[in-house]
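Engineer: These came from TrEMBL, pasted as-is:
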type	residues	note
DOMAIN	B:15-368	domain 'tRNA-guanine(15) transglycosylase-like'
ACT_SITE	B:ASP93	active site, proton acceptor
BINDING	B:ASP93, B:SER94, B:GLY95, B:GLY96, B:PHE97, B:ASP147, B:GLN190, B:GLY217	substrate binding site
REGION	B:248-254	region 'RNA binding'
ACT_SITE	B:ASP267	active site, nucleophile
REGION	B:272-276	region 'RNA binding'
Protein chains: 2
Amino acid sequence: MTDDFRFTLRARDGGARLGEISTPRGAIRTPAFMPVGTAATVKAMYPGQVRELGADVVLGNVYHLMLRPGAERVAELGGLHKFMNWPHNILTDSGGFQVMSLAKLRKLDENGVTFQSHIDGSRHQLTPERSMEIQRLLGSDIQMQFDECVKLPCSHEEAERAMRLSLRWAERSRKAFGEQPGRACFGIVQGGAERDLRIESARALADMDFGGMAVGGLAVGEPQEVMLAMIETVMPHLPEHKPHYLMGVGTPDDLLQSVKRGIDMFDCVMPTRAGRHGLAYTRWGKLNLKNARHAEDPRPLDPTSSCPAARDYSRAYLHHLVRCQEILGMMLLTWVNLAYYQDLMAGAREAISAGRYDDYLAQVKDNWTRDGEPG
Amino acid sequence: MTDDFRFTLRARDGGARLGEISTPRGAIRTPAFMPVGTAATVKAMYPGQVRELGADVVLGNVYHLMLRPGAERVAELGGLHKFMNWPHNILTDSGGFQVMSLAKLRKLDENGVTFQSHIDGSRHQLTPERSMEIQRLLGSDIQMQFDECVKLPCSHEEAERAMRLSLRWAERSRKAFGEQPGRACFGIVQGGAERDLRIESARALADMDFGGMAVGGLAVGEPQEVMLAMIETVMPHLPEHKPHYLMGVGTPDDLLQSVKRGIDMFDCVMPTRAGRHGLAYTRWGKLNLKNARHAEDPRPLDPTSSCPAARDYSRAYLHHLVRCQEILGMMLLTWVNLAYYQDLMAGAREAISAGRYDDYLAQVKDNWTRDGEPG
């Protein structure tokens with residue numbers, strides 16, 4: 001515990017890093033996967049369960065929370081931690097990405113974005129200043145700069161325009177964040193799939209006083225090679241004594257490949273969303289429980305898993321729940337998937353500490369080829 | 001624990017009874033409320049949670065389970081207890097009620113009912129023999145006779161016809177049940193809202209060798225007074241050394257009034273269904289969390305509740321979850337409601353044991369008038 005926001009690098013193994021962020025709310029062991037708690041809830045999970053799986057931090061979405069229940073209301077109720085009964089660390093995104101992917105009738109200018117809510121059509125505005133104000137009202141421990149994220153592929157010109165706008169918004173965001181003891185504001189590297197733009201963005205942000213560096217605008221449609229190439233391009237220009245956060249990523253393989261290249265933090269809806277759609281991540285690969293081949297399979301997903309949901313229920317039962325669209329099916333598979341993601345990161349931390357990260361990566365990937373059959 | 005199915009009456013307080021059913025799977029403390037686990041899941045609850053709330057038995061539905069995943073499949077997978085990870089007692093209904101309320105294109109004759117599945121239109125048949133076979137395949141501890149349940153109001157003639165058919169089906173059901181050590185088959189009193197028919201039905205069933213007596217066909221549209229009058233009419237004709245089960249009932253008040261009149265067991269979807277629709281049962285009354293008056297209320301539902309969901313989350317947060325149709329909202333409110341129903345029965349048992357059941361009933365009802373305001 002500490003009164004400050006602090007990042008300590010504990011070990012390296014090739015490009016992979018073992019570290020720890022400490023804040024007044026506790027430690028975040030890195031590499032870290034942050035479950036996504038969009039609307040102040042990690043969907044289909046009790047907060048206590050999320051903690052028990054080993055999550056040190058969850059993500060909240062400014063876009064969703066500003067629409068419902070509203071940042072001022074959350075503040076009046078004592079902040080987001082208290083509101084959602086999660087006393088541990090919270091990172092909030094800035095809303096930029098969701099405005100682009102969810103909102104209707106967007107209008108973007110130098111000042112910010114005006115848009116209509118996808119829920120009720122009501123009109124709202126987000127600027128760097130308002131985004132940071134919302135994140136402060138929520139009481140977020142790690143607050144993200146407001147940025148513009150473009151879909152890939154896009155032209156060099158378009159990527160450049162959005163990157164430069166994001167840099168100007170980075171300065172405004174950092175200024176609006178001000179000084180908040182024990183909390184940090186992270187900058188976000190943009191620049192599409194253009195190496196020169198990514199480098200320019202990283203260098204400019206490195207000169208600003210951010211508590212951590214995020215890489216944004218990846219895993220938005222491009223092949224994994226492109227994403228990894230961008231990480232490799234950017235990494236030499238990120239301050240090494242600050243945490244490196246790859247936003248919105250990704251598959252288990254994306255995570256392991258990115259850790260190998262120096263990424264410390266991840267968030268993604270994949271494990272929770274997949275769980276609500278009948279997909280299970282296991283050590284032996286990804287299974288679609290909707291598939292009829294599981295209908296009579298008495299085996300659990302993984303009898304040696306750390307997660308009761310993977311041990312105590314047969315594949316046949318999970319298949320039945322998924323087919324009947326039972327809420328318990330979503331609860332169990334979300335639990336299984338978040339446990340898998342947390343275990344994957346715990347394994348990575350252990351491997352880096354022992355200097356055998358490449359072996360870990362190779363072994364984990366080998367197991368994925370088993371199509372659900374325990375080895 | 002015992003190898004037999006046994007019912008022991010421990011105390012009386014006026015008409016109210018304190019008892020215990022024992023089976024090889026454990027004790028069922030009566031008066032008992034049985035959460036409904038329609039399709040092999042108490043919706044939005046982990047089975048371990050249901051047990052922790054004090055439920056000794058859950059109900060499974062023959063109609064739902066015969067359609068998905070099928071009784072033979074459940075049997076191959078080791079029975080319903082193992083399938084749904086609930087090692088405690090299970091009572092199954094016979095399917096008669098659901099065929100009438102859910103299935104399409106029903107055809108009823110002396111032999112049984114043919115119908116089309118409400119899910120995929122597939123054609124099925126239920127007879128007393130097939131219903132009992134399904135319940136045996138599921139491995140149910142308490143199996144219900146196959147019956148015909150009519151909606152109220154209905155004519156004396158119609159009620160009489162259905163009651164007499166149900167009596168003939170009772171004999172066939174009892175015969176098909178045969179001898180299953182440690183398990184019981186219950187008869188079901190029918191007869192609509194007609195006193196003479198109810199008495200005739202009860203007397204005829206009392207002469208058959210059933211392990212328990214149910215009262216069916218109530219809480220199907222009639223006022224509470226009619227339901228209670230039917231219970232009072234029937235009660236003198238039910239064997240007192242057998243458990244008395246009122247099927248598909250009901251509100252907290254229905255339960256307490258029926259316990260007062262000699263009922264020992266209940267099942268109802270009300271607490272689980274209400275929980276999925278934003279309604280919370282609390283000591284201080286029933287609350288609709290959708291209502292805007294809860295939006296800024298920082299108080300939990302009941303800080304002194306036995307249920308974490310009622311203590312650790314504000315009404316404002318629950319309102320938010322319900323408005324956003326978040327799964328966690330359904331999970332928390334289902335938990336709250338089942339806890340309330342179990343606590344209500346635990347309180348009834350304690351009160352009967354102490355000979356102060358009428359005081360208990362009066363006090364509980366007085367609290368309900370507080371509109372959610374703790375007294």
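From the backbone N, Cα and C atoms, a Cβ is placed for every residue, glycine too.
TrEMBL entries are annotated by machine, without manual review.
Situate these features within the shown structure.
Structural biologist: Secondary structure at B:ASP93 (active site, proton acceptor), taken from DSSP and collapsed to helix, strand or coil, is coil.
For B:GLY95 (substrate binding site), the count of additional Cβ atoms within 10 Å of its Cβ stands at 28 [all protein chains shown].
Same-chain neighbours of the region 'RNA binding' (B:248-254): 97, 216, 218-220, 224, 227, 266-268, 270, 281, 340-341, 344, 364-365, 368, counting only residues six or more beyond its ends whose CB sits under 8 Å from a CB of the stretch.
The local packing around B:ASP267 (active site, nucleophile), expressed as other Cβ atoms within 10 Å of its Cβ over all shown chains, amounts to 23.
Residues 35-36, 42-45, 286, 330, 332-338 of the same chain sit 6 or more residues outside the region 'RNA binding' (B:272-276) yet have a Cβ under 8 Å from a Cβ within it.
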Engineer: Go through B:GLY96, B:GLY217, the listed binding-site residues, and name the one with the sparsest Cβ surroundings, counting other Cβ atoms within 10 Å.
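Structural biologist: So among B:GLY96, B:GLY217, the binding-site residues given, the one with the fewest Cβ atoms within 10 Å is B:GLY96.
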Engineer: So around the substrate site, B:ASP93, B:SER94, B:GLY95, B:GLY96, B:PHE97, B:ASP147, B:GLN190, B:GLY217 aside, which residues have their CB within 8 A of the centroid of those CB atoms?
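Structural biologist: Output for this site, in sequence order: B:MET100, B:MET144, B:GLN145, B:PHE146, B:GLU148, B:CYS149, B:SER166, B:ILE188, B:GLY216, B:MET247.
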Engineer: Look up B:ASP147 (substrate binding site) in the DSSP assignment and report helix, strand or coil.
Structural biologist: coil
Engineer: Relative to the Cβ of B:GLN190 (substrate binding site), which residues of the same chain, six or more apart in sequence, are found under 8 Å away?
Structural biologist: B:ASP147, B:GLU148, B:CYS149, B:VAL150, B:ALA159, B:ALA162, B:MET163, B:SER166, B:LEU197, B:ARG198, B:SER201, B:GLY216, B:GLY217
